[in-house]
Amino acid sequence: MVPVENTEGPNLLNQKGTAVETEGSYRASGSRHPPWARGCGMFTFLSSVTAAVSGLLVGYELGIISGALLQIKTLLTLSCHEQEMVVSSLLIGALLASLTGGVLIDRYGRRTAIILSSCLLGLGSLVLILSLSYTVLIVGRIAIGVSISLSSIATCVYIAEIAPQHRRGLLVSLNELMIVIGILSAYISNYAFANVFHGWKYMFGLVIPLGILQAIAMYFLPPSPRFLVMKGQEGAASKVLGRLRALSDATEELTVIKSSLKDEYQYSFWDLFRSKDNMRTRIMIGLTLVFFVQITGQPNILFYASTVLKSVGFQSNEAASLASTGVGVVKVISTIPATLLVDHVGSKTFLCIGSSVMAASLVTMGIVNLNIHMNFTNICRSHNSINQSLDESVIYGPGNLSASNNTLRDHFKGIASHSRSSLMPLRNDVDKRGETTSASLLNAVLSHTEYQIVTDPGDVPAFLKWLSLASLLVYVAAFSIGLGPMPWLVLSEIFPGGIRGRAMALTSSMNWGINLLISLTFLTVTDLIGLPWVCFIYTIMSLASLLFVVMFIPETKGCSLEQISMELAKVNYVKNNICFMSHHQEELVPRQPQKRKPQEQLLECNKLCGRGQSRQLSPEN
């Protein structure tokens with residue numbers, strides 16, 4: 001899914017100095033959270049929701065190209081490589097913004113960055129609507145890419161810094177939820193405008209009003225209090241905290257923020273590549289994890305869903321767009337329980353389950369596609385039939401009838417059909433004589449649409465077509481509970497607070513870069529080896545990601561950030577992790593199970609878990 005910088009802001013769980021004293025004081029009074037951490041009123045919630053609208057815009061822009069490409073490639077007669085560039089140009093802009101976005105956000109503020117990204121998205125969408133050439137289309141997509149990358153970082157940082165401690169995870173997760181809702185909205189839009197003349201313009205234009213409204217609303221929201229402290233405006237920060245927490249005195253939280261900012265200056269960017277606190281191992285774990293997020297193929301399913309579904313039997317634009325809408329529905333349904341249950345199940349467990357199910361569904365998809373006798377090597381070219389090409393050339397040609405003239409349109413369809421029936425016999429004689437004006441006209445139409453023979457949709461068994469769609473939906477669901485949201489949670493936990501933001505920026509750039517490479521070559525690779533073998537390659541990558549997660553990713557459930565950092569700081573962390581897994585499994589699975597009372601089983605489980613934790617955290621290791 002989309003990379004977001006899940007910056008925790010001030011670590012309120014276990015800070016040094018003042019933070020520890022504050023924690024002890026409120027626990028001594030019997031309260032679970034300090035007063036300033038409990039303040040999550042309606043204003044804080046509405047501010048978070050307003051900022052999270054950026055996620056909706058990001059998801060919409062990521063998903064809308066799936067259906068718009070079906071119309072644009074015919075209108076502009078795009079080649080395979082040009083279609084890949086239309087899709088990937090957004091990622092080029094996102095990659096550029098990820099390299100500089102952190103500096104812009106720290107200099108001008110999180111709120112200002114969100115306002116700027118919303119305005120830029122509206123401008124880019126306007127360029128797309130008015131674009132009449134391939135070059136202008138690329139420029140508009142790059143502008144939107146810059147916008148969504150900047151907003152992805154700024155939104156999560158802003159929400160994390162205005163949210164109270166015990167609601168930070170929930171409020172930050174609103175952005176991820178809004179992203180998948182945006183993807184679903186894009187697929188619905190694809191279906192709604194699939195058969196509308198110039199429907200792609202409506203698809204691109206729907207987000208403009210929402211972007212403008214968000215920019216206006218964000219203008220009236222307060223800046224991040226953490227950003228104000230960074231700029232030396234402690235008085236303004238205190239007022240903002242009082243408004244967000246509904247407290248008259250926010251001195252304690254302000255002290256914690258200042259303390260955490262001092263800790264951040266202990267690390268430099270280059271410490272990520274040094275052995276200090278085993279940071280080199282941590283960044284390699286992070287970079288490899290985001291590599292598997294992209295190399296398992298999910299971005300291609302997101303961008304090319306309608307194209308892939310069209311190649312496996314959903315022949316019309318409307319049918320392919322409707323089927324891809326199911327992808328958006330599944331993403332939303334799967335993301336909600338993953339977000340709610342991650343604190344109880346654990347991110348590593350979700351990653352393992354997701355990778356396993358992804359591999360199984362991809363194998364099924366590949367086998368099914370092998371049995372669908374279609375020309376997979378032409379997936380990237382236009383699949384319009386000669387009938388559709390002639391109809392569109394008569395009805396929708398420049399200066400001809402509009403889509404609203406139904407009576408005349410039906411009349412001219414009859415003329416097109418008559419012309420088509422008279423031209424089809426001539427097509428068979430082109431190779432023999434090649435001397436008819438009508439045959440020349442037909443050849444011009446054929447070259448314009450890159451026509452090739454495609455198997456009749458009726459030749460594809462309905463069972464195989466729907467099994468392919470079902471496998472795709474299972475694959476999307478598995479990604480949405482595993483490699484979609486969980487890597488960004490893991491990345492926010494394995495780095496110390498003082499360097500977490502820079503580590504997230506680096507992994508975010510890696511994520512966009514690999515996404516660009518994969519999306520830029522998907523149609524070309526599919527054109528060379530076929531869709532089934534692409535699925536099998538993704539299967540191997542999913543299994544490799546499962547092995548990597550099992551061996552290298554720590555289970556952070558129930559651990560404080562300091563405990564996680566302490567374990568990862570060990571030089572021989574990887575060796576200890578593998579050995580711990582084998583010993584822990586031997587102890588938890590007795591050779592001769594015996595029936596015992598539930599109380600005895602609970603005591604034994606607590607005993608084994610206690611031994612496992614002591615082994616993991618012992619100084620000897």
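Using N, Cα and C of the backbone, Cβ positions are placed for all residues, glycine too.
Lifted from Swiss-Prot, the feature list:
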- Asn375: N-linked glycosylation site (CARBOHYD)
- Asn387: N-linked glycosylation site (CARBOHYD)
- Asn400: N-linked glycosylation site (CARBOHYD)
- Asn405: N-linked glycosylation site (CARBOHYD)
- 1-48: topological domain 'Cytoplasmic' (TOPO_DOM)
- 70-84: topological domain 'Extracellular' (TOPO_DOM)
- 106-119: topological domain 'Cytoplasmic' (TOPO_DOM)
- 163-176: topological domain 'Cytoplasmic' (TOPO_DOM)
- 198-201: topological domain 'Extracellular' (TOPO_DOM)
- 223-282: topological domain 'Cytoplasmic' (TOPO_DOM)
- 304-321: topological domain 'Extracellular' (TOPO_DOM)
- 343-349: topological domain 'Cytoplasmic' (TOPO_DOM)
- 371-470: topological domain 'Extracellular' (TOPO_DOM)
- 492-502: topological domain 'Cytoplasmic' (TOPO_DOM)
- 524-532: topological domain 'Extracellular' (TOPO_DOM)
- 554-621: topological domain 'Cytoplasmic' (TOPO_DOM)
- 49-69: transmembrane segment (TRANSMEM)
- 85-105: transmembrane segment (TRANSMEM)
- 120-140: transmembrane segment (TRANSMEM)
- 142-162: transmembrane segment (TRANSMEM)
- 177-197: transmembrane segment (TRANSMEM)
- 202-222: transmembrane segment (TRANSMEM)
- 283-303: transmembrane segment (TRANSMEM)
- 322-342: transmembrane segment (TRANSMEM)
- 350-370: transmembrane segment (TRANSMEM)
- 471-491: transmembrane segment (TRANSMEM)
- 503-523: transmembrane segment (TRANSMEM)
- 533-553: transmembrane segment (TRANSMEM)
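When the stretches 85-105, 120-140, 471-491 are ranked by Cβ pairs under 8 Å to the transmembrane segment (503-523), first place goes to 85-105. Listed as Cβ neighbours of the transmembrane segment (350-370) (distance under 8 Å, sequence separation of 6 or more from its ends, same chain) are residues 296-297, 312, 338, 342, 376, 464, 467-468, 471-472, 474-475, 477-484, 486-487, 490, 530-536, 538-539, 542-543, 545-546, 549-550, 553. Contact counts against the transmembrane segment (49-69), taken as Cβ pairs under 8 Å, peak for 177-197 among the stretches 85-105, 177-197, 533-553. Counting residues 6+ beyond its ends, the transmembrane segment (533-553) has Cβ neighbours under 8 Å at 285, 288-289, 292, 295-297, 347-348, 351-352, 355-356, 358-359, 362-363, 365-366, 369, 483, 490, 522, 525-526, 574, 577-578, 581 in the same chain. The average pLDDT computed over the topological domain 'Cytoplasmic' (106-119) stands at 91.
For the transmembrane segment (471-491), the most Cβ-contacting stretch among 120-140, 283-303, 322-342 is 322-342 (pairs under 8 Å). Here the topological domain 'Cytoplasmic' (106-119) is broken down by DSSP into helix, strand and coil counts: 13 helix, 0 strand, 1 coil.
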